[in-house]
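These come from TrEMBL:
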DOMAIN    6-118  domain 'Alpha glucuronidase N-terminal'
DOMAIN    123-448  domain 'Glycosyl hydrolase family 67 catalytic'
ACT_SITE  Glu281  active site, proton donor
ACT_SITE  Asp360  active site, proton acceptor
ACT_SITE  Glu388  active site, proton acceptor
DOMAIN    449-670  domain 'Glycosyl hydrolase family 67 C-terminal'
Amino acid sequence: MNYTMCWLEYRKLPENTISNLKDWFSSVSILESDASALKNEIREFSEKSLDITPRFHSRPLKKKKYIMIGSLDSLPFGIEEDPGEEGFILRTQNWNGSKILVVTGKTKRSLVYAVFDLIRRIRLGEDIEKMNVLEKPKAKFRMLNHWDNLDGSVERGYAGNSIFFKDNRIIVNQRTRDYARLLASIGINGVVINNVNVKKQEVLLIEPVYLKKLKRLADLFREYGIRLYLSINFASPMYLGGLDTADPLDERVARWWREKAREIYDYIPDFGGFLVKADSEFNPGPHMFGRDHAEGANMLARALAPFGGVVIWRAFVYNCLQDWRDYKTDRARAAYDNFKPLDGKFDDNVIVQIKYGPMDFQVREPVNPLFGGLEKTNQILELQITQEYTGQQIHLCFLGTLWKEILEFDTFAKGKGSYVKRIVDGTLFGRENNGFAGVSNVGDSVNWTGHDLAQANLYAFGKLAWNPDEDIEKIVEDWIRLTFGDDRKVLENVSYMLLKSHRTYEKYTTPFGLGWMVNPGHHYGPNPEGYEYSKWGTYHRANWEAIGVDRTSRGTGYTLQYHSPWREIFDDINTCPEDLLLFFHRVRYDHRLKSGKTLIQAMYDLHFEGVEEVEKFIRKWEELKDRVPYDVFERVRERLHTQLEHAKEWRDVINTYFYRRTGIPDEKGRKIYP
Ligand code: GCU
């Protein structure tokens, strides 16, 4: 095997633990037919961690202790609690003269989750004799979006090539299965395998030439409770159907999609549905035909509805041909301006997928005001696991802490307590079809994610999607222990590094909600005016005295898209959270912050601090030599050193930019490099 298994790397457990567990795992009763994924996982774990090969039985046993796995219907006794469609129960109890650990749930998928969770708990040292767990996922949709192209490249991918595609062919192999295992172990239940930008070759994915192989992929995913989804091109009826239009209100177009849906479901009966990037960054959409997003999405949704599919429609819609001299258009307003008027107009099997912020996955943005703005529309929160703007998996940047802040943001849509997490889990507005999507950071590199520690981002995404209330420190701790074992020093140092890393990255790049300042195109490395005079609408408009866009009620009016009290808080430079100051306000460099520092001085200080923190990460990592596997140690060490070099470059380029703009020297007399 030429890749690691991340947090599923089953290492041998200590002897004293093993001796107790052996009894439990030597015979396992599985009351399900077709349980190969469950057996496979239990066997893997038992052989690698317990040094035994379990025997499987299809009936209850006569034995002192054993594990009994089966759906609620199949159990020889009743269980009162309702774990829902995807939840599960793990419980040790006495039955028929035996002590049994019951592993149960309603559906096949829930049993998969149950088995992975049982193994996780055991590896983390929980006592099997006292097991008593009822777990239910909070959100219904817990998806990964791959931006993979059929030629094997990955848009914004920093971990090698696609694991799904190569040379216009679809790959289904052992690695696909192992990927499904990784995803099932963190509760992911849907995967979009191709890029939202659906180009010429990818348009063909919904044609029989590809559907045959996609069926095999879907069959494999199904064993692990994962549904397959595809990104589609809205103009497919023109590309594939020979029609002269893709107008959603044209009956020929609607019929073409209905027939296409039937064809897809003939191959894949549990096909999840379509992800659509429409009228966005040159992708076709209903606007081209004078129709709105609801008309476009509903037409597709009606084609999929008879088969139980959904349409996931992205809200990432803005004018990407803005003139920098145009001060009226504000890209930050675009998602809300486009979608708020359509609230309530989408069919029930349409879900609007909204990026966490109003711009584009910057290191910090305010929460997109569509969260709390939309009340009668299903919603998915889109997060970017791949580190496009956060160091491209060269820099250590754990995103779980940022995501947690987003989830805990109180929108005040229905008064206090209207958290984003309660919107995406569907409870705030009583909606069922809500959830999470994460743009995947996975490729075919040996460690899946390029940077070994970036595996933690994938893990944390799944865990938060399953339960956004979970403590992020606990998620980090579990990930470290599952990945590296129980060394206290490793736990201490790696959690220090992960939990601080996002803030550190923010400090040496673009603090105060400034964002951008990256090199255009590939988005790596500093370039303060890289996007200043281009068409993408991402300006900071710095001059000699001030920087930032006035997005208040006196400016573009963006703050008015929020509920009170946020609109007032953001609107006032004195109450606006300082880490978002330059997102909402145009601020003079000599503006005094709460700390008493001027903005410019704080800007300098943060950049120096950020670099010092990376130096500290390196010291912390060096302490772990011989405590983590040698190859992991070396790979991470190398990346940390590159990070340090690049952090210095960020510090110097950004500080110099401000120094030369303002002529205001650093109070501490440090050298600001040319
Ligand atoms: C960003 C990213 C693109 C991507 C787009 C999207 O702009 O740079 O590569 O296609 O987001 O989310 O659609």
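Glycine too: its Cβ is placed from the backbone N, Cα and C atoms.
Location within the structure of each feature annotated in TrEMBL.
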residue	record	DSSP class
Glu281	active site, proton donor	coil
Asp360	active site, proton acceptor	coil
Glu388	active site, proton acceptor	coil
Taking the Cβ of each of the active-site residues and counting other Cβ atoms inside 10 Å, which one has the highest number: Asp360, Glu388? Glu388
Asp360 (active site, proton acceptor) and Glu388 (active site, proton acceptor), compared by Cα position, are separated in whole Å by 10
Same-chain residues six or more away whose CB lies under 8 A from the CB of the residue listed as 'active site, proton donor'? Asn197, Phe316, Cys320
Give me the DSSP three-state residue breakdown of the domain 'Alpha glucuronidase N-terminal' (6-118), ordered helix, strand, coil. 44 helix, 28 strand, 41 coil
Whole-number mean of pLDDT values that fall within the domain 'Alpha glucuronidase N-terminal' (6-118): 97
